[in-house]
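Remarks on the structure that follows.
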Amino acid sequence: MAQGLIEVERKFAPGPDTEERLQELGATLEHRVTFRDTYYDTSELSLMLSDHWLRQREGSGWELKCPGVTGVSGPHNEYVEVTSEAAIVAQLFELLGSGEQKPAGVAAVLGSLKLQEVASFITTRSSWKLALSGAHGQEPQLTIDLDSADFGYAVGEVEAMVHEKAEVPAALEKIITVSSMLGVPAQEEAPAKLMVYLQRFRPLDYQRLLEAASSGEATGDSAS
C-alpha cells in the first residue's frame, strides 16, 4: 500500500452565514485561490470503482487518494493522499496490472494504462484554519475549505491530516465538534464536487458508481 498522510474529512453544504460563523469561532482566513482540477480514470472507471481517485491540480501536481481507515461509521471519509509521482505510478500499475512498470512520471504512463480525462472543472476556494480552544499549541489545526465550482455547485469540507490510524478517532471527534458549531446537521452528507459533476455531465458513469456503492463494491465521494 502506498504511504502518505491520512486525510479525515467531512463535507457539508455551506450556508450564507458560514464564513461569519467561522470568524466567530476564531478561525483565520488563510487564502482565497482559484484552480482547475482534472480527474483521470479508465473507460471502465477501474480506479473510482475501487475507491481510488487520480487528480491533477493546476499548480500543485498529481495526487492519488487511496482508501484509508475502515470501520468508522458516519458521514465522513478517510483517505491516504499519495503525492509522490513515483509512488502514484507504482500504485497505478499495481491497481491496473498493465505490463511492466518503467520509471516515469504520471503523465507518461496515462496512455499505457488507458487512463483518460473524465472530469475537469475550476474551483474558487476560501481556506480557513481553526484550532479548538484548549488544544495544545503543537496540535495541527483543522482546515475548513469553502468551495464554489464553475458548474454551479458549492460545498464545504472540514479536514484534519494525521500520520497514524490511531489518530483518526480523535481527529474525527474534532471534525464532528466543529461541524456542529457551524450548524451542520449530525447526519448531513454533501456530495463531492466530482460526483455532482459526473451526475450532471456524465450521468451513465455516475449511475455506475452509484450502483457499485449501493452494492458495497465501492465507497466513492473522496474528491475535493
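Heads up, the Cβ atoms here are built off N, Cα and C, so glycines get one too.
Lifted from Swiss-Prot, the feature list:
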type	residues	note
MOD_RES	ALA2	N-acetylalanine
DOMAIN	5-201	domain 'CYTH'
BINDING	GLU7, GLU9, ASP145, GLU157, GLU159	Mg(2+) binding site
BINDING	LYS11, ARG55, ARG57, LYS65, ARG125, GLU157, LYS193	substrate binding site
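Spatially, by CA atoms, the binding-site residues GLU7, GLU9, GLU157, GLU159 include one closest to LYS65 (substrate binding site), and that is GLU7.
Residues LYS11, ARG55, ARG57, LYS65, ARG125, GLU157, LYS193, recorded as binding substrate, reach a greatest CA to CA spacing of 20 Å. Across the structure, LYS11 (substrate binding site) and GLU157 (Mg(2+) binding site) are spaced 4 Å apart at their Cα atoms.
Rounded to a whole value, the Cα-Cα separation of GLU159 (Mg(2+) binding site) and ARG55 (substrate binding site) is 18 Å. Note: the Cα of GLU9 (Mg(2+) binding site) and the Cα of LYS193 (substrate binding site) are spaced 14 Å from each other. If you measure from the Cα atom of GLU7 (Mg(2+) binding site) to that of ARG55 (substrate binding site), you get 15 Å. For the pair GLU157 (Mg(2+) binding site) and ARG55 (substrate binding site), the Cα-Cα distance reads 18 Å. Neighbour counts were taken at the CB atom with a 10 A radius for the binding-site residues LYS11, ARG55, LYS65, LYS193; the maximum falls on LYS11. Note on the domain 'CYTH' (5-201): its mean pLDDT in the predicted model is 89. Mapped onto three states, the DSSP output places LYS193 (substrate binding site) in helix.
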